[in-house]
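For reference, TrEMBL has these:
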TRANSMEM  24-50  transmembrane segment
DOMAIN    42-293  domain 'G-protein coupled receptors family 1 profile'
TRANSMEM  62-88  transmembrane segment
TRANSMEM  100-121  transmembrane segment
TRANSMEM  142-164  transmembrane segment
TRANSMEM  197-222  transmembrane segment
TRANSMEM  243-264  transmembrane segment
TRANSMEM  276-295  transmembrane segment
Amino acid sequence: WEINGSFYQPSAFLMMGIPGLEALHHWISIPFCALYLIALLGNCMILFIIKKTQSLHEPMYYFLSMLAVTDLGLVLCTLPTTLGIFWFNMRRIGFDACLTQMYFIHILSFIESSVLLAMAFDRFIAISHPLRHPSILTKTTVIKIGLAIILRGTVSLFPIPFLLKRLTYCGKTELSHSFCFHPDIMNLACADIKVNVFYGMIILLSTVGMDFIFIVLSYILIIKTVIGLATKEECLKALNTCVSHICAVLVFFIPMIGLSMIHRFGKNVPPLVNTLVAYTYLIIPPALNPIIYSIKSSHIREALLRALRRK
């Protein structure tokens with residue numbers, strides 16, 4: 001403990017694995033290792049194929065590259081602490097290290113949300129204004145969108161670590177997960193956390209919440225456009241280009257909303273449910289996104305097959 005008058009700040013937190021199943025952590029680590037390996041190899045493969053295939057140098061695949069980089073970042077943020085607990089029971093994490101991990105996890109989550117919104121906008125332009133699509137989403141525009149996404153996530157979350165450092169902590173230092181999460185750290189404080197709660201809610205609603213609303217609006221406009229197409233084949237072809245993105249949106253937003261609700265309102269939710277939702281939120285999307293896009297995108301499949309034949 002670092003003590004300064006009435007101000008108390010722990011030197012470290014204790015992370016939690018899967019409650020009630022501590023004796024099975026070595027066995028449980030096997031599926032986690034498989035998911036991490038799929039996420040790392042899958043997203044690296046997506047980036048490699050897009051870089052090497054000239055025909056994939058277009059907005060849809062630039063945004064997919066951003067999604068893959070973000071997923072890799074999320075995997076690398078949580079992998080050391082999660083496998084450290086499962087393999088070596090290394091539960092201790094320094095206070096500042098915890099805040100750093102939390103900051104990057106939240107930034108990457110916000111960036112992923114924004115990238116999914118950018119991909120929805122790309123699909124809307126491609127379906128509603130196909131002739132103007134190349135002139136609207138130029139390479140320069142895509143780069144500007146990417147920089148704006150990073151800047152929004154970085155700036156909006158910048159005060160969070162400082163809001164946590166000003167709090168007085170006492171009693172429990174045990175976190176609910178094998179990674180650091182803002183509501184989890186905040187709830188360990190014995191000081192007034194109204195500012196943290198208010199700021200966290202405002203930022204969540206104004207970024208991820210607005211992203212989700214605009215994604216839904218984009219698909220309402222896409223469906224309206226598709227209904228006006230001449231033939232059933234054209235409708236199905238247009239909608240088929242959106243299937244991968246819709247799956248990625250559902251895989252990301254459903255666990256994220258569930259985890260946020262549990263931390264804020266689920267006081268009586270069993271710890272095991274809380275833990276499983278958290279792992280689903282941070283590990284499943286990075287592992288599934290490459291699979292979803294590899295299965296549904298014929299261009300990526302063909303480029304992958306060509307790369308394998310060359311090998």
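Backbone N, Cα and C atoms are what each Cβ position is placed from, and that goes for glycine too.
Model, not experiment: these values are computed from the prediction.
Counting residues 6+ beyond its ends, the transmembrane segment (243-264) has Cβ neighbours under 8 Å at 67, 109, 112-113, 116, 119-120, 123, 181, 183-184, 187, 201, 204, 208, 212, 215, 219, 273-274, 277-278, 280-281, 284-285, 288-289, 292-293, 296-297 in the same chain. Model confidence over the domain 'G-protein coupled receptors family 1 profile' (42-293) is summarised by a mean pLDDT of 90.
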